[in-house]
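*Asks:* Input: one structure, supplied below.
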Amino acid sequence: MPKKKPTPIQLNPAPDGSAVNGTSSAETNLEALQKKLEELELDEQQRKRLEAFLTQKQKVGELKDDDFEKISELGAGNGGVVFKVSHKPSGLVMARKLIHLEIKPAIRNQIIRELQVLHECNSPYIVGFYGAFYSDGEISICMEHMDGGSLDQVLKKAGRIPEQILGKVSIAVIKGLTYLREKHKIMHRDVQPSNILVNSRGEIKLCDFGVSGQLIDSMANSFVGTRSYMSPERFQGTHYSVQSDIWSMGLSPVEMAVGRYPIPSPDAKELELMFGCQVEGDAAETPPRPRTPGRPLSSYGMDSRPPMAIFELLDYIVNEPPPKLPSGVFSLEFQDFVNKCLIKNPAERADLKQLMVHAFIKRSDAEEVDFAGWLCSTIGLNQPSTPTHAAGV
């Protein structure tokens with residue numbers, strides 16, 4: 001294909017196949033990418049930011065282990081450790097996820113190949129991807145660094161996250177899931193606060209979605225700790241669909257709104273301790289069966305019970321009523337939004353299109369919220385000199 005103006009983005013694959021850092025054509029025309037961006041109905045700021053990222057990305061070239069300098073550890077989980085790193089040849093700061101896998105070379109190469117679809121995932125609601133490679137028993141996935149970290153980290157500092165902020169988060173998650181489904185036929189498979197990243201510019205982006213079936217299979221044993229966000233139908237072994245992502249998406253704002261993982265549901269006494277007042281509604285009522293003695297390992301906050309075993313948690317999710325937001329504290333629209341996400345039967349659960357026009361989302365979309373300002377003051381980040389409101393969410 002002859003080069004056209006503007007200058008094309010170079011995504012060069014490694015010659016030996018150990019680092020497949022580019023697309024199959026080895027060269028993607030910026031003009032074609034810009035055309036794809038136009039299809040996404042982005043505002044001017046979002047388009048400029050995506051183009052800036054893609055322009056930076058062409059400086060990267062082939063990714064090699066020796067080219068990285070570790071700055072700090074950002075977190076661990078989902079089968080890997082994530083570091084903030086400097087890519088010395090380009091000067092870019094990235095997030096590098098290292099996944100240690102004892103696998104055969106053919107499987108490893110298949111995983112690297114499958115990860116290449118991430119080069120095509122360019123959206124304001126998806127974390128940017130620089131490339132993936134294998135070195136010394138570890139697969140490295142190199143991504144855009146989000147300086148606000150993940151929402152589970154933010155929640156630990158905030159205690160609880162306000163409804164207005166969660167409205168902006170919900171919009172970004174719906175738009176991110178819609179983009180993955182409509183443009184790439186991808187389901188996320190692991191929506192939870194730790195996989196929603198934020199930054200000081202007010203952007204909210206999804207990461208760690210299931211593009212590589214082989215990687216999911218290879219890491220199957222390491223997913224035990226995140227199963228608490230799985231939908232009832234996943235535990236029952238029925239067909240997985242995007243509706244399962246909706247359940248996880250509904251559970252996440254409940255956790256962030258009340259300040260702890262909401263299964264088992266907090267009782268009236270605990271809610272009173274949380275919110276400093278008597279709370280009305282179903283969430284404050286005694287559950288139909290005695291509450292299990294434990295809590296999930298992923299819980300934090302006021303719940304001091306011993307951890308709930310995974311089989312107890314599975315039984316609770318499948319057989320007990322789904323979590324709800326307490327009324328009297330949150331708006332009716334927010335409560336209804338969550339309820340529609342957390343319907344046990346996936347066929348009755350709201351879909352992405354229905355959620356996008358839900359009253360809570362419409363209201364949140366219209367609200368002026370300084371997400372960047374809230375985030376920076378909450379976690380002690382310096383705000384950029386040109387702060388943005390809600391980052392075009």
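Heads up, the Cβ atoms here are built off N, Cα and C, so glycines get one too.
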*Asks:* Quick one: sort out which of 232-269, 270-307 is the region 'RAF1-binding' according to Swiss-Prot.
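*Replies:* Result: 270-307 is the stretch Swiss-Prot calls region 'RAF1-binding'.
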*Asks:* Which whole number is the mean pLDDT over the region 'RAF1-binding' (270-307)?
*Replies:* 58
*Asks:* If you skip the near sequence neighbours and keep only those at least six away, which residues in the chain come within under 8 angstroms of Gly80 (ATP binding site), Cβ to Cβ?
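*Replies:* The answer is Lys97, Leu98, Ile99, His100, Ile141.
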*Asks:* Within its own chain, what residues at least 6 apart in sequence put their Cβ under 8 Å from the Cβ of Ser218 (phosphoserine), listed in sequence order?
*Replies:* Leu101, Ile103, Ile107, Ile111
*Asks:* Here are the binding-site residues: Leu74, Ala76, Val82. Which has the lowest count of other Cβ atoms within 10 Å?
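*Replies:* With the binding-site residues Leu74, Ala76, Val82, fewest surrounding Cβ atoms within 10 Å: Ala76.
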